[in-house]
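Single-structure report; data block below.
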Amino acid sequence: MVTIRADEISNIIRERIEQYNREVTIVNTGTVLQVGDGIARIYGLDEVMAGELVEFEEGTIGIALNLESNNVGVVLMGDGLMIQEGSSVKATGKIAQIPVSEAYLGRVINALANPIDGRGKIAASESRLIESPAPGIISRRSVYEPLQTGLIAIDSMIPIGRGQRELIIGDRQTGKTAVATDTILNQQGQNVICVYVAIGQKASSVAQVVTSLQERGAMEYTIVVAETADSPATLQYLAPYTGAALAEYFMYREQHTLIIYDDLSKQAQAYRQMSLLLRRPPGREAYPGDVFYLHSRLLERAAKLSSQLGEGSMTALPIVETQAGDVSAYIPTNVISITDGQIFLSADLFNSGIRPAINVGISVSRVGSAAQIKAMKQVAGKLKLELAQFAELEAFAQFSSDLDKATQNQLARGQRLRELLKQSQSAPLTVEEQIMTIYTGTNGYLDGLEIGQVRKFLVQLRTYLKTNKPQFQEIISSTKTLTPEAESLLKEGIQEQLERFLLQEKV
């Protein structure tokens with residue numbers, strides 16, 4: 001017979017009590033009052049932070065944007081079709097952040113940094129806040145290194161430096177994306193990480209850009225962040241910040257980055273949609289009052305870091321679409337005032353066959369000239385002046401038929417210079433090639449050719465100089481200056497090729 005000993009039982013009970021550990025987790029919860037149009041109104045969530053992520057019962061994530069006295073306005077990061085009135089919502093205690101790593105290079109992702117190219121997960125051990133504060137004044141230094149776009153018109157007259165913010169602005173179908181993608185292609189071998197953010201674009205357009213970059217081997221150093229036109233407004237609004245967070249990751253690791261936002265008009269429209277649905281008061285053009293801050297806090301993250309922080313840089317090329325060339329609309333004027341210059345693309349120039357359709361007269365770069373190499377400065381000054389005089393003369397020449405010889409010569413020179421600025425898409429030129437092209441035009445070597453022969457001659461000249469005068473390129477790339485020796489080599493090469501070309505044309 002088993003004897004029951006009271007002390008044993010009391011010991012067992014004591015052990016069990018000591019081992020018992022009741023974990024209490026406090027969850028900040030609320031209830032869905034209303035849901036629809038990508039917006040949910042929540043009752044409860046008393047201690048939620050502005051911008052905090054909240055999780056719905058069925059798994060959808062949202063961001064708390066409006067904190068009102070009796071409810072919280074949440075924007076949804078998904079379609080939210082399964083969310084029901086009365087279902088519960090819990091605050092996560094986190095602000096929106098994304099994983100970051102080198103493994104993102106060559107991938108296409110969405111605004112939440114999830115891959116959408118069907119190539120599996122992306123390994124990442126670190127994460128960054130989507131909304132990070134911009135570097136302060138002490139953390140920056142002035143722009144001094146060039147970021148070459150490969151387009152003669154930009155690199156000579158509207159130069160861009162590493163760490164600059166240069167707006168690309170123009171009507172639809174004027175080649176804004178082409179200028180941006182050509183700039184990405186030209187970074188090959190330059191040790192620059194590129195991030196292309198597509199906001200509210202057609203999926204077919206994004207696929208076209210990705211294919212173009214893949215074919216030319218540019219995806220190796222590029223990340224594409226895409227939220228197409230059918231994405232929820234919340235994700236279209238977040239996409240540029242996600243792109244900026246990825247670019248910042250590389251910038252703070254002492255690397256140079258280039259980020260393209262294509263385009264910020266669509267981001268502003270997505271933000272307007274969210275704000276109006278949240279019943280925030282509308283302002284000019286029905287945009288909310290803080291739409292300027294929407295873009296300024298994004299573009300201020302582009303910087304050239306100081307030497308203490310490793311001299312990394314983030315160059316931003318935001319794109320803004322205008323309606324019928326109206327740059328005095330709300331979003332264009334806002335972004336023009338935030339950026340360090342703008343490149344205007346004109347529909348009239350585009351339709352008249354001048355591509356890239358850059359209106360050099362009203363495009364400016366406010367800090368880039370400090371970043372130009374000396375050799376480019378030596379040849380570009382004359383080009384700017386001659387084109388400005390040509391534009392003025394051309395306007396007068398329309399009204400007068402009898403022009404003196406000097407004016408006729410100046411008009412002929414101007415037409416050839418304009419021809420020299422034309423470039424095919426996806427055919428960026430090196431700085432050395434640009435310098436030889438501009439030098440040929442501004443020193444009158446093209447004056448004897450027909451306008452139709454100019455481009456053909458320049459293509460042959462570049463090939464001829466590359467094979468027969470390689471020292472020219474070596475001098476420019478090593479000294480960054482057009483030395484007397486380089487100039488004499490260039491003159492010889494142009495003269496020799498010009499004679500050969502004229503003989504060919506006669507035959």
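Every residue, even glycine, has its Cβ placed from backbone N, Cα and C.
Taken verbatim from Swiss-Prot:
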type	residues	note
BINDING	G170, D171, R172, Q173, T174, G175, K176, T177	ATP binding site
MOD_RES	T257	phosphothreonine
SITE	S363	site 'Required for activity'
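Annotated features taken from Swiss-Prot, shown on the structure.
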residue	record	Cβ neighbours (10 Å)
G170	ATP binding site	27
D171	ATP binding site	18
R172	ATP binding site	11
Q173	ATP binding site	12
T174	ATP binding site	27
G175	ATP binding site	19
K176	ATP binding site	25
T177	ATP binding site	22
T257	phosphothreonine	28
S363	site 'Required for activity'	21
By the DSSP assignment reduced to helix, strand and coil, which category contains G170 (ATP binding site)?
strand
Beyond G170, D171, R172, Q173, T174, G175, K176, T177, what residues of that chain have CB atoms within 8 A of the centre of the ATP site's CB atoms?
E321, L345, A347, F350, A357
Give the distance between the Cα atoms of T257 (phosphothreonine) and K176 (ATP binding site), rounded to the nearest whole Å.
20
Work out how many Å separate S363 (site 'Required for activity') and K176 (ATP binding site) at their Cα atoms, rounded off.
14
Using DSSP, would you call T257 (phosphothreonine) helix, strand or coil?
strand
